[in-house]
Amino acid sequence: MEFIHQPYYPGETIAAIATPPGEGGVAIIRISGDQSLEVAAKIFSGPIFSYRSHTAHYGQIYNSSGEHVDDVLVLIMLGKRSYTGENTVEIHCHGGSLITRKVLEVVLAAGARAALPGEFTFKAYMNGKIDLAQAEAVQELICAKNEKALGAAESQLKGSLSNRVLAFQSTLTQIAAILEAWVDFPEEGLEFATMDELDQDLERTAKDMEKLVNSFHNGKILHDGLSICLIGCPNVGKSSLMNALLDKDRAIVSPIPGTTRDVLEDHLRLNGLHIKLSDTAGIREANESVEQEGIRRSKKAMQEADLILLVLDAHKGLEKEDQELLKQVPFHKTIVIWNKIDLNPRNLPCLEVPFLVHLSAKEKIGLEELHQTIDTIIWQDGPPSKEEILITNVRHKEALIESIESLRRVKIGLRHQVSPEFLTLDMRQSLLELGKIIGTNISEDILSAIFSKFCIGK
């Protein structure tokens, strides 16, 4: 079901369970809309209309037949002081799938409509409580996988990204006004000093926007986590290294080549980041069909991974199959690992690779060096600070890139004395793209795609 394509009426009253499904001490049913109090009054034992905003009251819920359903606490939030900007009632009932569903059914029978995914946050956006970037931050807050991602989402929810976009818009609006005046009063022309100032303002703003675009690298890592793939020939110790990184026996370790036939995945936290770790089948020339399929999947996992750990056997040294693998991996995202250094290998060849680590997965020697090397590759310019504004949403990145492209066209146009009518068109387009980020100019299809990702009840 598409969200925005449903008829939307600002005063329509909606309801949904706002807490996760399953058993628990307390569950919350949220009601929001102009008729929230009227709906609650039909089913709650207390004098709903006499309650002040942001007060909680104990009472009972009854169905239309007068049968007792549950003892509850009701929380009243009136008008603009609520999350949605509309009258809101929260019913705090006993947790558990059955009782929670029964209370919701009573609420819906009293006149509320079942909420669509993200509809409460959509109401908050429509009622001016938050802009679109802040609305998206709500979802990112819920889905945050680590402390840094949580901090970035909180910052965006408080308006850090929105304020930066508004600052860009303010500067560009002033430039657009000058260009519009040039169109309206061509006989006045533009002073060369003004032309130079415009060029400088455009360049400075474009560079500031590019910094924000470049923050997407770190933002995406915080938001999505990182996928790391272990590859290598059979019996080089990939499974042992996976177990060492996970600090548990997840993969079967065997001296028999080809034990790992499929991609084995697990998750861990490394320096606060969410990591998906994949152990793959040993890559070699194989005749058996099942092993061939495992090798094909290994190569696919290698291509899709954010980071590759290419494991070599230090005891055996560099073999022909290892050399072939070294030719296939992209070194900018590959750490080459000499494993089994506990066996005192001698005369290891010097490998000219950017990232090289010596360790023993079996004895857990050198793991800290591996952690540090992973950090070095992940954070190209160092980890982000708490104060840094990051974009974590590809939609924001694309809008900024389009806005910058329009500014570049204006700069080129000024340099080549292009008619101001064409320059103003590009300025408007740049502002239009920025407006997409905070929702001042956005299509219904995009809104539908954004809010449909939310859970029901948020």
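Just so it is clear, glycine is given a Cβ too, placed from its N, Cα and C backbone atoms.
Taken from Swiss-Prot, the feature (6S)-5-formyl-5,6,7,8-tetrahydrofolate binding site applies to R30, E90, K129, K458. The GTP binding site annotation in Swiss-Prot covers 235-240, 254-260, 279-282. As annotated by Swiss-Prot, K(+) binding site applies to N235, S254, I256, T259. Taken from Swiss-Prot, the feature Mg(2+) binding site covers S239, T260. Per Swiss-Prot, domain 'TrmE-type G' is recorded for 225-379.
Recorded features from Swiss-Prot, shown on the structure.
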{"residue": "R30", "record": "(6S)-5-formyl-5,6,7,8-tetrahydrofolate binding site", "Cβ contacts under 8 Å, 6 or more apart": "A15, A16, I17, A18, T88, V89, E90, A115, F120, G457"}
{"residue": "K129", "record": "(6S)-5-formyl-5,6,7,8-tetrahydrofolate binding site", "Cβ contacts under 8 Å, 6 or more apart": "K80, Y83, T84, G85"}
{"residue": "K458", "record": "(6S)-5-formyl-5,6,7,8-tetrahydrofolate binding site", "Cβ contacts under 8 Å, 6 or more apart": "A18, P117, G118, F120, T121, V138, Q139, I142"}
Using DSSP, would you call E90 ((6S)-5-formyl-5,6,7,8-tetrahydrofolate binding site) helix, strand or coil?
strand
Can you check which residue among the binding-site residues N235, S239 has the largest number of Cβ atoms within 10 Å of its own?
S239
Let me know the DSSP-derived helix, strand or coil state of K238 (GTP binding site), please.
helix
Quick one, of the binding-site residues E90, K238, which Cβ has the fewest other Cβ within 10 Å?
E90
Between any two of R30, E90, K129, K458, the residues recorded as binding (6S)-5-formyl-5,6,7,8-tetrahydrofolate, what is the biggest Cα to Cα distance in Å?
19
What does DSSP say about R30 ((6S)-5-formyl-5,6,7,8-tetrahydrofolate binding site): helix, strand or coil?
strand
